[in-house]
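*Asks:* After the structure tokens below, expect a handful of questions from me.
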Amino acid sequence: MCEGSRFVTGLRDFVKEYFLSFWDYETPKVMVVKNRTLGVIYRSVQFLVITYFIWYVFISQKAYQESETRPESSVYTLMKGTAVHGDDILDTVEYARPSEGGDVISTILRREVTYDQSQGTCAEHFNVANANCTKDSDCVQGEVDFDGHGRRTGRCVQYYNHTFKTCEIQSWCPIEEYAVVREPALEEAINFTVFIRNSIHFPKFKVLRGNIKDASNKRDMQKYLNKCQYHEEKEPYCPNFRLGYIAHKARENFTELCRTGGVIGVFINWQCNLDIDPSNCKPTYAFRRLDLRKDQANSGYYYRFAKYYRKDGVESRTLIKAYGIRLDVIVHGHAGKFSPIPTIISTVTAMTSVGICTIICDWIMLTFIDKNEVYSDRKFDEVIKEPPVPISTELSYINSFGSNHSDLSEGVPL
């Protein structure tokens with residue numbers, strides 16, 4: 001019973017003390033500490049904080065500006081160039097997919113062609129699982145292997161002109177792996193050019209920009225576009241890019257790209273400071289390989305398509321496996337303009353952050369410096385009732401005007 005009473009009394013005193021201390025008022029106390037080491041730390045931290053906000057926040061990140069990072073963008077691409085391939089002349093209709101398009105365009109660099117395929121029955125390729133056989137019972141009629149080329153007929157037949165046998169399938173025959181013809185790479189494609197027209201709009205600031213240089217009339221513009229080639233310094237407004245230049249900037253070997261194909265990203269970056277004339281808002285370009293080269297089985301870029309025709313009244317086709325370069329045009333934009341609201345917010349944040357210097361130095365003073373107990377006694381005062389007569393001490397005083405300033409320059413050995 002006595003234990004319970006003491007517990008209740010203690011709990012009541014704790015709650016009362018907490019409640020009364022909640023209404024106490026705390027005010028900073030100015031205390032001058034004549035310590036060179038602490039002063040150097042204090043000013044150094046102040047310098048770092050102020051430098052960070054001036055150089056990085058205000059100058060580099062332009063925190064005084066209102067920004068827009070989701071612009072409206074339009075991309076139009078067109079492949080240009082003519083190549084001689086054997087006895088044939090190839091133009092954009094032959095090697096560009098699509099011949100003109102949006103933010104994705106590709107060009108064929110190498111082809112593997114299977115001629116004169118028609119619907120019928122033929123031997124399955126020997127690399128397909130369970131395709132090799134010795135008798136008909138080894139082949140299940142109607143079975144379809146998704147890694148194969150067609151539906152099995154249930155017969156075991158000779159694999160074309162070879163001595164071994166595989167299961168017969170119903171498919172487009174002859175199969176690609178057996179009858180494919182590998183054509184040489186289109187090395188002349190290194191000089192093909194891709195025309196990339198990009199328009200970007202920042203609706204918040206009502207600014208519209210394009211990556212093509214303005215001209216006085218359409219005739220001059222057309223002459224300029226027919227002759228120019230993009231150069232980062234000399235021709236930053238020319239939208240014509242050589243495939244060889246793109247591969248070089250992406251650090252890729254063009255001959256290797258002809259063999260395996262690849263996907264390259266064309267990154268157009270708009271960084272616009274609208275505090276100056278919008279005509280200074282120019283795009284910058286970057287190029288990078290996007291497909292995974294470490295995974296050799298899935299690296300590169302290729303696709304298949306067929307050309308259909310009728311031969312002796314039978315529908316036939318020519319199957320083409322095309323390796324090439326696919327260009328993905330990706331646009332990023334950022335525009336900023338002075339605004340008082342972010343300026344005020346950033347300024348207040350900077351001024352508030354300077355207070356961290358005092359916190360760090362107080363912690364060092366009260367933890368590591370000699371005589372920290374003396375500092376602690378002078379740092380924290382509890383005033384319950386102002387004394388009727390000023391009480392002088394050796395280190396500090398509170399006069400009749402209520403000064404709360406302490407000077408520890410004397411009396412405390414450092």
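Every residue, even glycine, has its Cβ placed from backbone N, Cα and C.
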*Asks:* Among Cys122, Cys133, which cysteine does TrEMBL link to Cys156 through a disulfide?
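*Replies:* Record-based pairing for Cys156: Cys133.
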*Asks:* In whole Å, how far does the CA atom of Asn191 (N-linked glycosylation site) lie from that of Cys228 (disulfide bond)?
*Replies:* 13
*Asks:* Please name which of the disulfide-bonded residues listed here, Cys122, Cys133, Cys156, is nearest in space to Cys272 (disulfide bond), Cα against Cα.
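*Replies:* Going through Cys122, Cys133, Cys156 one by one, the closest to Cys272 (disulfide bond) is Cys122.
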*Asks:* Have a look at the disulfide-bonded residues Cys139, Cys167, Cys281 and say which one has the shortest Cα distance to Thr193 (ATP binding site).
*Replies:* Cys281
*Asks:* Rounded to a whole angstrom, what is the C-alpha distance between Cys173 (disulfide bond) and Lys321 (ATP binding site)?
*Replies:* 16
